[in-house]
Amino acid sequence: MPHFDIVTNVMILNSVSILSSVFQVVAECLAKERKRLIMLPVCSIFLIVTGYVLFAISYLAFESSLAINISVGLAIVGTIFVSVNWWENYSTLFAVSFLEDISRDIAQSRNVVCIISSLVRILVTSAVVGAYVPLSGQEWKLVKLVFETVVVSLVAIQIASSALCRWFVVVACKMHALRRSFVLPMYLASITVLAVFLVPTTVRLPKSNQTSTCFDNFQPKSSDEWLLLMLTDAIRTLNTRDIVVHKKTGGLVCLGCSALSWWLGLMLSTVYIWYLKIHRIERTQDLFVRRMYEGAFLEQSMLLNTRFEIRKRIKEKKVFLCATMWHETYDEMMKIIISMFRLDKYRPKTKEQHDVEFEFHIYFDDAFKDVDNGRHANEYAEILVDVIKEDPCTFKQKAALPRQKIINTPYGGRLEYTLPKGNLMMVHLKDKTLIRHKKRWSQVRLIKDPVKTQIQNILPRTSLIIFLTDSTSKSLKQVKNKENTYILALDGDTDFQPSAVMLLIDRLKLYPEVGAACGRIHPTGTGPMVWYQKFEYAVGHWLQKTAEHVFGCVLCSPGCFSLFRGAALMDNNVMKRYTTKASEASHYVQYDQGEDRWLCTLLLQQGWRVEYNAASDAYTNAPQDFKEFYNQRRRWGPSTMANTIDLLGSGGLTSQRNSSISKLYILYQIISMAASILGPATICLMISALALAIVPPIVYLILCFKLKSDTQIKIAAIMSILYAFLMAGTILSIIGDLVKQKTFLTPSGLFLIGMVVLYIITAALHPQEFSLVIYGLLYFLCIPSGYLLLVIYSIVNLNNVTWGTRETGSQAKTTTVDTIKKKVMNATCCKCPCLESEDLSEKTLPVCFHAVLLFFFLQVTFAFFFCNALWLVATFFLQAIGDSISIKIPKIYPNGTYDPTEVFSLDPIALMFLLSFTVLLLMQFVAMLYHRIYTLIHFVAYADTEIKSYRKQSHHTEY
């Protein structure tokens, strides 16, 4: 290449597509049925060979010499050898088992192959340079000068630009912008580069520069001079050619036609990419055969590495929307029903739609009540029927729904409706005297029903479990049906748009290892408790869920809006354990108090991946009063801790089964769990002196052991207000100390300012939710309530197994710890018979089972509060010891100066906590940035495809 001009060097790279064209022609000739036009690769071969011929003529006929002749031959042979680099893509054109086996073996060890091949290339390149320098008569001194001044910079620029180009190509394909953002720019790259170098040729160089070598008389000293030198040298390669100097028309025509032939040959050999059918957020491995790219042949390698066809053919998916209801209000039911009607309008049941089909199911828990002449539907079921009948009126004027079909079933009853656009909706009314009630057992049923298992005879309660775990069940054999079946789990008050569902479907369609995907949950309602939860949910999704998604897997896919893969749910080990009765106290906390988190734990342990999509928005009602909020979190807190500990306990085995969960991710979760357990003690140390900080929590802890749960909540509400004032004082004292010290570069100042800045930047990257930062102040003021009092209340009330939300006045009162203590001895002398009873699903457990819960409660409570007490005592003694072990941090002023006489003292434990918490926040922030980019890519791809298609479809058909 040093012997050729800039035009030849740029355009000859396009000739590496010759083997691609040859194998396309051979494949089409051997194929029984032709898939593409054979004339395009034939023309490509003709043009590339013509380019070779014209290239040889332009040099051999006009500037022939021994060195030129050798260089021409090496260039032609070299480009043909380089084209072999993409043999894996060519091999896909032929059904040859030998080549397929080799490709499969290479794919399994791709990383090792890439590392070894890269090392071999470096060694070969070094050997060629080492041999070329003495053979060409050059000095190593000149090579060293070029390497130190030019090569390092060019290599850095090449690596960065090539990596960015490759990443943007992948992004363009995922965004469904294949033609305008990938194929077209790659075609124009060579022409653009050539134009950049040829434009300066309009200015003739001095004669002294036309024949001189690049380093003869000019020694550049700056980067601008080096740039000018390289540009001048590139132009010199063309201006010093005999055909240019003497304006030989024949030679110039051969030069231009060879460059054009090679370029057109590349276009025709890769024109199949223009018509390639890809899916939204297509997987990189399904787009390109090899993960790596060739930096020296960047645009050619990206084009030639693109598969001839996307191997994965996505079949039609059946999505069952399964909502669980209990005691929802009229307005809450209206939200979910309207959302279902939206989806019915979005995807009508017609023969034209081949991607996804929807079916709607509502599982109504405890839908019957006792009356004089038997059991009839209760008032909540009647409200639901009224909502369904009224709902068509919410969409412009249309005919009312057909009369409902009422069917008696072994579990109660079923109502069937045909929605306006043809989709089917079923309302399953469960009678708790015939089948297990509560949400988990509704989910068990909604998991089984969609895979076409019809329950013919369901006996009361446990017979259902026996049936579901029967290995001969017909559904377990329908593998194909499970793979193409998705279940969208919903709450009875969830509000969502069709786009939210489609975005989740995309994840499961293209990524077969994904067992579940959840969206961004937005709490709705009014009042301070809802404001607090809005910011809490925002922070949890912005930072925690994105970090889990990026570094490993999401630990909890909420049951109010999550899409599950049927094959994942029907996994034997998942279904068998999920239908297990709670026979131990810890099981009751883990299984029924947070059934969605436990289901995700089972999926993760079986090797399935759980993901989070931030663009998939869903809205659900949040508790609006303090009591309901505390009761809800009383269930969630212990369940979260129990499931996380269960997952971490099997971390080694889980990391082996689940490729998305690494040992480092397990370590990350261990640190997060430790921070959660030590949260109460940390809050005490943060807001006041140690002696004063521990008195109120200890008093509240003692009261919780003596008083009923309702009274505990009332006391917590009063203490939350007092703690809010104390928290405000703490924040103001930190700000006042910064003013007094005349610097913000203190440990507490940097921590406070850093957190505020991080949350503001994070909110700014979520522009539609930026207004939620207003509630951030309330969230910070309520930290003691949420992370101290609520934790104490949850741990002390582990024995309380009521649901806590949407309770009716007829529910039984829970037994307090003080009451249980009187009856513990009666249950310890023999095996508790009620553990075998079927009444464990009732809200009020038998006394002996409460006794078992008490033993479990005492163990957990002791371990939890012992860890916090140990943390407090260690901090107290370190503070008491004083300066002898404290870490001295010099006082630094904002202008960069520091006073050596003034220092800040920080005990080692406090420093460790600050550093650990800071590292966790920074890791979550980086994960959030990464996740936001790919969320944007997915949403743009959806907007460019699905929304346009839907608008065309529904332009003249609206409700």
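For all residues, glycine too, the Cβ spot is worked out from N, Cα and C.
The following features are taken from TrEMBL:
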{"type": "TRANSMEM", "residues": "6-26", "note": "transmembrane segment"}
{"type": "TRANSMEM", "residues": "38-60", "note": "transmembrane segment"}
{"type": "TRANSMEM", "residues": "66-87", "note": "transmembrane segment"}
{"type": "TRANSMEM", "residues": "112-133", "note": "transmembrane segment"}
{"type": "TRANSMEM", "residues": "145-169", "note": "transmembrane segment"}
{"type": "TRANSMEM", "residues": "250-275", "note": "transmembrane segment"}
{"type": "TRANSMEM", "residues": "665-695", "note": "transmembrane segment"}
{"type": "TRANSMEM", "residues": "715-736", "note": "transmembrane segment"}
{"type": "TRANSMEM", "residues": "748-766", "note": "transmembrane segment"}
{"type": "TRANSMEM", "residues": "772-796", "note": "transmembrane segment"}
{"type": "TRANSMEM", "residues": "851-874", "note": "transmembrane segment"}
{"type": "TRANSMEM", "residues": "909-930", "note": "transmembrane segment"}
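Scored on C-beta pairs under 8 angstroms, the neighbour of the transmembrane segment (6-26) with the top count among 38-60, 66-87, 250-275, 665-695 is 250-275. For the transmembrane segment (748-766), same-chain residues at least 6 beyond its ends with a Cβ under 8 Å from one of its own Cβ atoms are 538-539, 542-543, 731, 734, 737-738, 772-773, 776, 914, 918, 921, 925, 928-929, 932. Stretch with the most C-beta contacts under 8 angstroms to the transmembrane segment (772-796), considering only 250-275, 715-736, 909-930: 715-736. Comparison of 66-87, 112-133, 250-275, 715-736, 909-930 by number of C-beta pairs under 8 angstroms to the transmembrane segment (38-60) places 250-275 first. Listed by sequence, the residues of this chain that lie at least six past the ends of the transmembrane segment (250-275) yet keep a Cβ under 8 A from its Cβ atoms are 5, 7-8, 10-12, 14-15, 17-18, 20-21, 24, 36, 40-41, 43-45, 47-48, 50-55, 57-58, 61-62, 178-179, 182-183, 187, 190-191, 194, 241-244, 300, 303-304, 306, 308. Proximity of distant same-chain residues to the transmembrane segment (909-930), defined by a Cβ-Cβ separation under 8 Å and at least 6 residues beyond the stretch ends, is recorded for 542-544, 546-547, 549-551, 668, 671-672, 675, 682, 685, 747, 751, 754-755, 758, 761-762, 765, 871, 874-875, 878, 887. Below 8 angstroms of C-beta separation, residues 106, 139-140, 143, 291-292 of the same chain, each at least six residues beyond the ends of the transmembrane segment (112-133), sit close to that stretch.
Beyond its flanks by at least six residues, the transmembrane segment (66-87) meets 1, 3-4, 12-13, 15-20, 52, 55-56, 59-60, 289-290, 294, 297, 301, 304-305 of its own chain at Cβ-Cβ distances under 8 Å.
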